[in-house]
Amino acid sequence: MKMASSTKLFSLTLFFLGIIALSNAQSLSLKYYSKTCPKVEYIVKKETNKIISVAPTLAAPLLRMHFHDCFVRGCDGSVLINSTTNNQAEKDGFPNLSLRGYGSIDRVKTAVEKECPGVVSCADILALVARDATVALHGPFWAVPLGRRDGRVSLANETLTNLPPPFFNITQLKASFASKNLTTKDLVVLSGSHTIGTSHCSSFSNRLYNFTGRGDSDPSLDPNYAARLRSRCPPADQTTLVEMDPGSFKTFDEDYYTLVAKRRGLFTSDSALLADSETREYVLRQARTKGSTFLEDFSESMVKMGKIGVLTGSQGEVRRRCAFVN
């Protein structure tokens, strides 16, 4: 009887937490800063364009940073907080050690603070920069609902339990996205962000050498592509970078799905999209129709992702410097 009561209480707690999260997401607004900082989107776009024009390879890391922020404690800018002597923060968690672009976020924040001191959160700036960096590489535009507040807590160990690693299979990927109220379609659509950017060999070298303990490569990987990757990535290579979408890794397009359909997805998590009927159908349709709905779908899924676990109203704070809690 006691156990039944505890289970019921736990279920009710989850239910009410879900209602609070939904309420917070609905309180975001496209006009949130219309009176307090009307030029914020113009400033963010201007600074982001300057950054990407000089360093186009930063676009993918900035988009990835937004994803890594939202999947741990929600989109609250906690990925930007520095570690202290008493606390190891998210940015020093193993999955985030390869993140780049923190200086770019600081640069944009400084420009926004100059115009509107203490008004715009780092979480909102990160969401806007991710959008504008994508657009700068010919990706889609999406209207970003604003009003996120910055979190005060950032824990490295939470990155390991919340961020799906590149070796996840399709069952694990679907469970990870479902835990953030994202659908299987969101999973296959957001995976399309791998159309831009690079990866260290160490993120996929397990697929190239001794995959089953018999000196072989992953059978779900095209053997010619595996051979090409081995020529770039010697065993135990920790430093070499490989294009995730060879030939157009600086252009946001539908090529990713063409590669996955040909069994040339770089990560296990890319190949996994062919192991589920819904995700496979989406991959093959985008490859066949040259991404007929991909850009529109990506915009919708990014808006949805940008609402995960947001803090609003009097929750959290608006950080003056993104790397430090006020």
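Glycine too: its Cβ is placed from the backbone N, Cα and C atoms.
Looking up C233 in TrEMBL gives a disulphide bond whose other cysteine, out of C201, C322, is C201. For C37, the cysteine that TrEMBL lists as its disulphide partner among C70, C75, C116 is C116. Sparsest Cβ environment among the recorded positions C37, C70, V72, C116, C233 (other Cβ atoms counted within 10 Å): C116. Averaged across the domain 'Plant heme peroxidase family profile' (27-326), pLDDT in this predicted model comes to 97. Same-chain residues at least 6 positions away in sequence with a Cβ under 8 Å from that of E90 (Ca(2+) 1 binding site) are, in sequence order, H68, V72, S78, V79, I81, N96, S154, L155, A156, E158, T159. Compute the center of the Cβ atoms of D69, V72, G74, D76, S78, E90, which mark the site for Ca(2+) 1; besides them, the chain residues with Cβ within 8 Å of that center are H68, C70, F71, R73, C75, G77, V79, G151, S154, G309.
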